[in-house]
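The next block holds one structure in the form of structure tokens; read it before the comments.
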Amino acid sequence: MSQSNLFVDIGHSAVKWRTLDPEVFSQSVDKFSEKSLPDNQSIWLSAVAHPQIVEAINMKFSDVEIVKSLSHFGLLTTAYKNPLDLGSDRFLGMLGALKHFPDRNLLIIDVGSALTIDVVNDSGEHQGGLIMPGLEAIRGSFAKFATNSQNLNPSSLQTSTEEAWLSGTQAMLISTIKEQITGFESEQQDGIVILTGGSVRSLISELPETVNYFDNLVLDGLESYSKSMG
């Protein structure tokens, strides 16, 4: 039986995968099993955590390509002196963004366990980026109020400590994202803002209508990478 491509994104909290079909499957890392992945696949894999999951996938499949960040690939030139210091999720997110919007100035915001921000110019040159705590990390940062809740509340004044903490931390995250968008759009009037990540869907209503949302940009980048590799 011939093999087909399967794209796998192992993040901090979830594992996502798909074939060339658009349907995406996802499991939390604590529930994931390599048995969930369909057989007879060539695996293209990004992993920023959980080496035991990578090892289990390597044991099941004979053809596994673990993608690492490169200085140059396709349209993209990364800014890091040591490209291996750049997370493969960010590298592939930029490749995915260039797949959708080649030859444009891009602001790529990934809202997940961490908040990452990268800028790529219209020549495909990575200008650098930022890494910040995600919502769960922010909410767990102050022991007195710590919670692992990722529920979103109105970013308005509250009348209980718990709700004030939830709304305040949410406002902090949204304000940071808006500030990055405003700064980018003031410098690049024709630029494209891209949002992705497991925590971003519920934030869309709080952000400018000019934002483009892509559910699984890393998987798009893996597909682009695989096609370039032949």
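Glycine residues also receive a Cβ, built from the backbone N, Cα and C atoms like all the rest.
Bear in mind that TrEMBL entries carry predicted annotations, made automatically and left uncurated.
Annotation source TrEMBL lists active site, proton acceptor at ASP89. The C-beta environment of ASP89 (active site, proton acceptor), restricted to residues of the same chain at least 6 apart in sequence and closer than 8 Å, consists of ASP9, GLY11, SER46, VAL48, ASP110, THR116, VAL218.
GLY11 (ATP binding site) falls outside any helix or strand according to DSSP and counts as coil. Taken from TrEMBL, the feature ATP binding site covers ASP9, ILE10, GLY11, HIS12, SER13, ALA14, VAL15, LYS16, SER113.
Residues annotated as substrate binding site in TrEMBL: TYR80, GLY87, SER88, ASP89, ARG90, THR161. Long-range neighbours of SER88 (substrate binding site) (same chain, six or more residues apart, CB within less than 8 Å of its CB): SER46, ALA47, VAL48, VAL67, LYS68, SER69.
In the three-state DSSP reading, ASP110 (K(+) binding site) counts as strand. For ASP110, the entry in TrEMBL reads K(+) binding site.
Those same-chain residues not listed among ASP9, ILE10, GLY11, HIS12, SER13, ALA14, VAL15, LYS16, SER113 yet with C-beta within 8 angstroms of the centroid of the ATP site C-beta atoms are VAL29, VAL48, ALA49, GLY112, GLY198. According to its DSSP assignment, ASP89 (active site, proton acceptor) is helical.
The record assigns ASP9, ILE10, GLY11, HIS12, SER13, ALA14, VAL15, LYS16, SER113 to the ATP binding site, and the maximum Cα to Cα distance across that set is 14 Å. The two recorded residues, TYR80 (substrate binding site) and SER113 (ATP binding site), show a Cα separation of 22 Å. Each residue contributes its Cα atom, and for SER13 (ATP binding site) and GLY87 (substrate binding site) these two points are 15 Å apart.
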